[in-house]
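What follows is one structure encoded as structure tokens, with my remarks underneath.
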Amino acid sequence: MLRNVLGKAFRFLGYTVQYGCIAHCAFEYLGGIVVCSGPSMEPTIQNSDIVFSETLSRHFYCIRKGDIVIVKSPNDPKSNICKRVIGLEGDKVCTSNPSDFLKSHSYVPKGHVWLEGDNLRNSTDSRCYGPVPYGLIRGRICFKIWPLNDFGFLRASPNGHRFLDD
């Protein structure tokens, strides 16, 4: 009887470890579900929206301008942030706030991206902490899952005029 119970316990433990490894690989290398918080990406992503973030783009260096990404926060490595890619390495970006009279520009250094929230008046982004290393990108948001009335691919940036092609 004890042998039977121990056998079942070890089989259960083995299945738990196997499925745990499969789940870890799926979330690390394929993608996962993310709950977004904060106002920085409004109106594209509202507080408490649920999105799907895929990680293959990060691994294959397929992140493009206009993509919305999940990134380890440069200010707090324990938290993630959700921002839009405005510039890739070598791109010229506007580093000033939209309300500034004099506009300043800079180039994104090699191995970095320039990130901004869609809600420029209420976003802590690259305008505050500078270019973000590519290695901090955790994934690219593909589509919105919740709320259901907004299910689908994300809309274009309301700040598309900030993408410079110089």
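If you go along the chain as it appears here, the first residue is 1 and each next one adds 1.
Any Cβ shown, glycine's included, is placed from N, Cα and C.
Because the structure is a prediction, the values reported are computed rather than measured.
Mean per-residue pLDDT, taken over the domain 'Peptidase S26' (16-97), amounts to 85. If you look up TrEMBL, you'll see 16-97 (among others) marked as domain 'Peptidase S26'.
Cβ neighbour count for Ser40 (active site): 22 (other Cβ atoms within 10 Å of its Cβ, all protein chains included). Sequence annotations record features per position, and here TrEMBL assigns active site to Ser40 (among others).
Positions annotated as active site by TrEMBL: Lys83 (among others). Sequence-distant contacts of Lys83 (active site), defined as residues of its own chain at least six apart whose C-beta falls under 8 angstroms from its C-beta, comprise Ser40, Met41, Ile68, Val69, Val71, Leu115, Glu116, Gly117, Ser123, Asp125, Ser126.
Long-range contacts of the domain 'Peptidase S26' (103-146) within its own chain (CB-CB distance under 8 A, at least 6 residues past either end) are made by residues 31-34, 39-45, 49-55, 57-58, 61-63, 67-72, 74-75, 80-97, 152-154, 157-159, 162, 164. Annotation comment: TrEMBL describes 103-146 (among others) as domain 'Peptidase S26'.
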Number of helical, extended and coil residues in the domain 'Peptidase S26' (16-97), per DSSP: 18 helix, 26 strand, 38 coil
